[in-house]
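Have a look at the structure below, then the notes.
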Ligand code: LP5
Ligand code: MN
């Protein structure tokens, strides 16, 4: 059995979500062979050196809980989201999780999936796509990570505020995937079933691309009282509520 989650946005200020995640890692997830986290595990990741912060153990506790799941024999894979695209090798080494490229083809004996965070498909949001193109550059990231941790945390807080403010003025369609870009994406990836997050609009969509039926599953974001995982049992996908 394989489980998929995304958009938990874990932060010390949201203890309810962390509690649901810790229970999930210690319980439901133990029965899985693989767990895929499709981005935005954290509310904001300022760099792996936040794991050294003795005064704020939150991130380290999450990473150690992932490590326990890995030690129990579950393979954990994680993809970058737009909030935690700076998760790096130190995070991977300490958690035991594999960092996946976006998109990632998951080829199983009975089915083919393509996994993505989903933000790259929101091509109508040109403001966001320019921002994304900038912060995904290796030299930009290197320069950003060279700044002191406190400064990076302050920039992340500021950007979160700016983002929430910008979203209030954005038309709804800007914050969803673009249909044409998604058709191209599905074509490029051999009409595999797409699983993604980011839009916080949980649903299963039927696409018809070049006459071929393709399913697109959108994962839910988590909140203080409820989480969600998608479960593949070898034959079909089903949503499971976590609380
Ligand atoms: O996250 P969500 O779903 O609320 O909104 C996203 C888009 N916003 C973002 C920004 C993040 O929320 C904040 C960054 C998290 C911290 C990262 C860690 C620290 C690294 C800091 C790197 C600078 O991704 C939002 C989309 C929405 O999804 C739907 O798809 O609309 O996009 C925006 O709001 C972006 C604005 O439109 C443009 C913001 C311009 C800011 C320019 C600053 C330039 C960078 C300078 C950095 C030093
Ligand atoms: Mn996202």
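Placed from the backbone N, Cα and C atoms, the Cβ positions cover glycine too.
Per TrEMBL, Mn(2+) 1 binding site is recorded for 7, 9, 40, 200. The feature Mn(2+) 2 binding site is assigned by TrEMBL to 40, 82, 117, 198. Annotated substrate binding site per TrEMBL: 82, 83, 125, 163, 167, 170, 198, in sequence order. As annotated by TrEMBL, domain 'Calcineurin-like phosphoesterase' applies to 2-202.
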Out of 7, 40, 125, give me whichever of these binding-site residues has the highest number of other Cβ atoms within 10 Å.
40
Name the residues of the same chain, 6+ apart in sequence, whose Cβ is under 8 Å from the Cβ of residue 167 (substrate binding site)?
175
Binding-site residues: 9, 83 - member with fewest neighbouring CB atoms within 10 Å:
9
May I ask which of the binding-site residues 82, 117, 170 is closest to residue 200 (Mn(2+) 1 binding site) if we compare their C-alpha atoms?
117
Rounded to the nearest Å, what's the C-alpha distance separating residue 83 (substrate binding site) and residue 117 (Mn(2+) 2 binding site)? Just drop the number here, would you?
11
Based on a Cβ-to-ligand 1 distance below 6 Å, what subset of the binding-site residues 82, 83, 117 would you report?
82, 83
Would you please pick out, from the binding-site residues 82, 163, the one with the fewest other Cβ atoms within 10 Å of its Cβ?
163
7, 9, 40, 125, 163, 170 screened against residue 117 (Mn(2+) 2 binding site), Cα within 10 Å - retained binding-site residues:
7, 40
Give the number of CB atoms, excluding that of residue 198 (Mn(2+) 2 binding site) itself, located within 10 Å of its CB.
26
Nearest of the binding-site residues to residue 40 (Mn(2+) 1 binding site) by CA-CA distance, picking from 82, 125, 163, 170?
82
Can you check which residue among the binding-site residues 117, 170, 200 has the largest number of Cβ atoms within 10 Å of its own?
117
Whole number in angstrom, please: the longest C-alpha to C-alpha distance across 82, 83, 125, 163, 167, 170, 198 for substrate.
19
Just to be sure I understand the contacts, which binding-site residues have a Cβ under 6 angstroms from any atom of ligand 2? Candidates are 9, 40, 125, 163, 170, 198.
40, 198
